[in-house]
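> First, the structure itself, so that you have it in front of you.
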């Protein structure tokens with residue numbers, strides 16, 4: 001048995017790749033997991049539901065505001081210090097063989113605590129541009145797994161640690177009850193802008209079937225009036241629908257792009273440009289460069305442009321599915337280092 005401590009939460013973009021890694025590790029060896037979740041965030045809820053066998057510890061911590069000299073960061077830095085002491089106590093008790101981190105502020109806390117205790121650290125960065133936690137933790141990590149080759153440019157000092165794997169995707173045996181549809185997503189909390197845009201598109205494309213994850217019951221009711229739209233407040237598991245989709249329309253979070261590329265679904269990406277350090281725009285442009293997507297900037301998005309782009313991606317057809325889940329590559333690398 002190996003004991004793994006893990007953190008990477010606050011958003012689905014950090015959480016789901018981490019769960020994919022842990023679930024793949026568990027298929028290869030007997031694993032006991034200590035999971036550090038952010039109190040009140042998605043990881044706390046999802047991990048307790050999907051993995052009751054994990055020991056889940058909720059930590060009350062919030063990330064630093066931008067710019068970093070923001071006056072509220074003094075209080076947040078104090079809370080990070082308190083949280084680090086709490087995490088150290090749990091790590092000393094659990095005695096993990098390694099720590100797996102996928103970014104976000106909770107990763108910074110757990111990673112620095114693990115570094116002080118001499119626990120091997122493995123990091124994964126989902127985005128093209130690494131976040132602050134990954135930049136800091138890369139110097140202490142045994143391996144730094146990245147989704148894109150271009151991420152090397154942002155971590156030049158740690159080239160010998162970097163392994164380009166792609167972004168892990170959670171596997172599922174489930175199948176969507178529909179097929180040959182355009183999948184519309186706005187992230188785990190939905191997207192008002194995408195919902196409003198698609199409400200104007202649907203009447204113009206009545207021969208095309210859509211499955212739309214709305215993020216709210218109000219929007220689900222509102223979009224259900226269109227006979228060519230299956231509106232769902234939340235889709236779980238996502239993989240069941242990606243398997244059957246012929247195209248997609250979404251924001252450009254790393255997990256969404258990872259699933260799009262893994263299942264070979266061409267997409268239209270409308271990046272959320274207020275995301276930290278322009279992560280989504282950089283992710284979208286890289287997916288477009290690799291031939292998986294058409295990028296439409298939000299200030300340029302119109303129903304006509306979306307309709308024209310849907311026609312292009314549907315005609316392009318599905319791309320060959322990846323032969324190996326990046327989660328599998330990562331689990332092999334980790335086990336090769338510690339076994």
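Cβ atoms here come from the backbone N, Cα and C positions, even for glycine.
The feature UDP-N-acetyl-alpha-D-glucosamine binding site is assigned by Swiss-Prot to 11, 12, 13, 127, 170, 188, 235, 280.
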> Just going by other Cβ atoms within 10 Å, which of the binding-site residues 11, 127, 280 has the emptiest spot?
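Counting other Cβ atoms within 10 Å of each of the binding-site residues 11, 127, 280 gives the minimum at 11.
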> Using a Cβ cut-off under 8 Å and a sequence separation of 6 or more, which residues in the same chain sit near residue 235 (UDP-N-acetyl-alpha-D-glucosamine binding site)?
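Counting only residues 6 or more apart in sequence, the Cβ neighbours of residue 235 (UDP-N-acetyl-alpha-D-glucosamine binding site) under 8 Å are 185, 211, 213, 241.
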> Going by DSSP, give the three-state secondary structure for residue 12 (UDP-N-acetyl-alpha-D-glucosamine binding site).
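The residue in question, residue 12 (UDP-N-acetyl-alpha-D-glucosamine binding site), is helix (DSSP, three-state).
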> Restricting to the chain of residue 13 (UDP-N-acetyl-alpha-D-glucosamine binding site) and a gap of 6 or more, list residues whose Cβ falls under 8 Å of its Cβ, or answer none.
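Within the chain, residue 13 (UDP-N-acetyl-alpha-D-glucosamine binding site) has Cβ neighbours under 8 Å at 126, 127, 253, 254, 255.
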> For residue 170 (UDP-N-acetyl-alpha-D-glucosamine binding site), write down the residues of its own chain that are at least 6 apart in sequence and whose Cβ falls under 8 Å from its Cβ; none is a fine answer.
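Those within reach of residue 170 (UDP-N-acetyl-alpha-D-glucosamine binding site), by Cβ under 8 Å and sequence separation of 6 or more, are 16, 19, 20, 23, 237, 238, 239, 327.
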